[in-house]
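Chemist: Okay, these came from TrEMBL:
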- D101: active site, proton acceptor (ACT_SITE)
- D274: active site, nucleophile (ACT_SITE)
- D101, S102, G103, G104, F105, D155, Q197, G224: substrate binding site (BINDING)
- C313, C315, C318, H343: Zn(2+) binding site (BINDING)
- 22-375: domain 'tRNA-guanine(15) transglycosylase-like' (DOMAIN)
- 255-261: region 'RNA binding' (REGION)
- 279-283: region 'RNA binding' (REGION)
Amino acid sequence: MTPEPLPNSQEGMKYDVLARSGFARRGNLHLPHSIVETPVFMPVGTQGTMKGIVPEQLVAMDCRILLCNTYHLGHRPGHERVKAAGGLHKMMNWNRSILTDSGGFQMVSLSKLMTVDENGVNFESPHTGEMMALPPEKSIEIQQALGADIMMQLDHVIHVLTTGDIVKEAMHRSIRWLDRCKVAHTRDDQAMFPILQGGLNLELRRECAEEMAKRAKVGIAIGGLSGGEEKDHFWRVVAACCAALPPHLPRYVMGVGFPVDLVICSLLGADMFDCVYPTRTARFGTAMVRRGGLMQLNQNRYKEDFLPIDDKCECNTCKNYTRAYIHSISGKETVGCHLVSVHNIKHQLDLMRDVRQAIQSNSVQQFLRQFLFDYYGPIQSDTPSKQDSEKIREVPQWVRDAVDHMGYKIDF
């Protein structure tokens, strides 16, 4: 398939759609520090570091892009210090792509005292306790100092379950703030993604998509989800946004990291995702697996289990360590968290690789059936069989509805 032309690019940054299958796309996002294959999961390095993992290990997994948090880096060590160190890439010894968020979500979710007005976000500093202001221009200034390949606009973030006039107000304010961010954006070697808002209102989402797509050069994000909304609403918002956006822009669904969500959203037409879930769940000794979804390695059932977490996984943990060993150190030694984090990140990257291959080979139906059978089936089940199918947990109705919307079938 010949890559589709990009109508509006920036300094060599572009998105090529290489293959399609249903609503899904397989593509390459060209950025200054790497070519990112999509759909892609981006691990989160909150303060320029992944919990217990060094950049060399991420390179070994062929991770092409990760996310860092503007809010946290802006406070410690501070964007001026990062800039003096030569930028975030140099400071953290990472020569591949980085995406930085705008800081707006953290201020809403972490600050005790936070208000929003037309000027920007007003919040309480977590270090000094003083009230501070973050207008859109300042968010861009900080992100330009950090030097990520992709910056995010500052948007008006509200809880996804919020109703009333504030939803429309926040959506329109996000568009106005996008225009201010564009004026403040002066570096040609950094892309800036708009962030769609509109809550669970599909008409507001479509209106926002129409306005923001006009202003987007390289890519665009779908924000305001993964905040406790019902999954039936979640997938329908993602589907509506993807359908409303032009094909030349990669679509980044923010804060998504559960494997089933990644697969369903990718097949709905989304291209980029991020979440702390793989490393956060690793801290509790929980490994992510294809068969059964999660493996709680701190449970006594694993204390004499000398198999790897996943015998099909090629990560360093699965090649060299057993479930029993990780069980013995889980919650006691930091290396336990490290080993599970390595596996969980590799699990997510491999899952997205398999999604890309299914799109490329037009075998999504087969891939989706096997993935869902494994995920909702017993951990020890190797192949689908009539006997095993009786053990399968019920596939959630929202998954069945999304699959039906895409024209695929679940026969178990």
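Quick reminder: no glycine exception, Cβ is built from N, Cα and C everywhere.
All TrEMBL annotations are machine predictions without curation.
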Chemist: Which residues, given as numbers and ranges, are at least 6 beyond the ends of the region 'RNA binding' (279-283) yet have a Cβ under 8 Å from it?
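Modeler: Tertiary neighbours of the region 'RNA binding' (279-283) are 43-44, 50-53, 294, 337, 340-341, 343-345.
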Chemist: Any idea what the Cα distance is from D101 (active site, proton acceptor) over to H343 (Zn(2+) binding site), rounded to a whole Å?
Modeler: 25
Chemist: Most Cβ neighbours within 10 Å: which of the binding-site residues S102, Q197 is it?
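Modeler: Answer by Cβ density within 10 Å: S102.
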Chemist: For the C-alpha pair, I'd like the distance in angstrom between C315 (Zn(2+) binding site) and Q197 (substrate binding site), rounded off.
Modeler: 37
Chemist: Taking the residues D101, S102, G103, G104, F105, D155, Q197, G224 listed for substrate, what is the greatest CA to CA distance in Å, to the nearest whole number?
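Modeler: Comparing all Cα pairs, the maximum is 16 Å.
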Chemist: Just to verify a number: CA distance, S102 (substrate binding site) to C313 (Zn(2+) binding site), in angstrom, no decimals.
Modeler: 34
Chemist: Could you tell me the C-alpha distance between D155 (substrate binding site) and C318 (Zn(2+) binding site) in angstrom, no decimals?
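Modeler: If we compare the Cα positions of D155 (substrate binding site) and C318 (Zn(2+) binding site), the gap is 41 Å.
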Chemist: What Cα-Cα separation, expressed in whole Å, is found between F105 (substrate binding site) and C318 (Zn(2+) binding site)?
Modeler: 35
Chemist: Least buried of the binding-site residues G103, G104, G224, going by other Cβ atoms within 10 Å?
Modeler: G103
Chemist: Sequence gap of 6 or more, C-beta under 8 Å: which same-chain residues meet both conditions with respect to C313 (Zn(2+) binding site)?
Modeler: H343, K346, H347, D350
Chemist: Does anything in the same chain, at least 6 positions from D274 (active site, nucleophile), have a Cβ under 8 Å from its Cβ, and if so what?
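Modeler: Listed in sequence order, they are F41, M42, P43, V44, L67, L99, Y252, M254, G255, V256, G257.
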Chemist: An 8 Å radius from the center of the C313, C315, C318, H343 Cβ atoms defines the neighbourhood of the Zn(2+) site; name the other residues of that chain inside it, in order.
Modeler: P308, I309, D310, E314, N316, T317, K319, V342, K346, H347
